[in-house]
Amino acid sequence: MKIAPASLFHKWNAWMLLVLKPLGVWGVCALAIVDSSSIPMPIDAIVIGYVAADHGKFVIYAFMAALGSAIGSLVPYYVGRAGGELFLLKRVNRERYEKLRDRFEKQEFLAIMVPAMMPPPMPVKLFEFAAGVFEMKPVWFFSAIFIGKFFRFLLWAAITVFYGPTIVQTIGHAFHVHLGLILAGAGAIIIVIALFVTRKIFDRRSGTPLPIEDADRPA
């Protein structure tokens, strides 16, 4: 009798949860490492479950889940750093690759932190892989992932503490239904912050204007 791959996957997930759940906060960290590095796990639901059982440790659970996620994300990051450039160059020409890299480098921290804040089905591993390809500094990459994931898990934990796990399911359903609008809003926020950062790059103290400001000045 053949066993479907999906069935094996769910059995593996169940086994992992059974083994690591008794470890408490360290179990959350370990599950987050597995989720970010290789095997997808329902890490948001896991954090919510832990918090629902012990409200007093909701910050610790969020912190450990974010730490584990940041550690696990180093796997796709270093995979991209090791050979991702050749992978991309087989699919795009050198000019397109350089444009993608320049665009990423201008707002690399936000380009990693914002996707990390989003729950599934956001393809965060693709952004982590890209960060490695474009050689984002490991310390900034790790910080961006940690901050984004900590904000995400802390939000879920706080909602669970104040309103219970039932409302979390309602919010998750609404997120999936309106995913397009949420992504559009997040993109708009990234653009606004990127413009602000660009403004700061120009030396405002010495009175150096932005190119657009220079163009608007009367001759």
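Each residue, glycine too, has its Cβ placed from N, Cα and C.
In TrEMBL, annotation is done automatically, which means it is predicted and not curated.
Worth saying up front: this structure is predicted, and the values here are computed from it rather than measured.
Pulled from TrEMBL, these are the features on record:
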- 12-34: transmembrane segment (TRANSMEM)
- 45-159: domain 'VTT' (DOMAIN)
- 58-80: transmembrane segment (TRANSMEM)
- 139-163: transmembrane segment (TRANSMEM)
- 175-197: transmembrane segment (TRANSMEM)
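Averaged across the domain 'VTT' (45-159), pLDDT for the predicted model comes to 87. Across the domain 'VTT' (45-159), DSSP assigns 98 helix, 0 strand, 17 coil.
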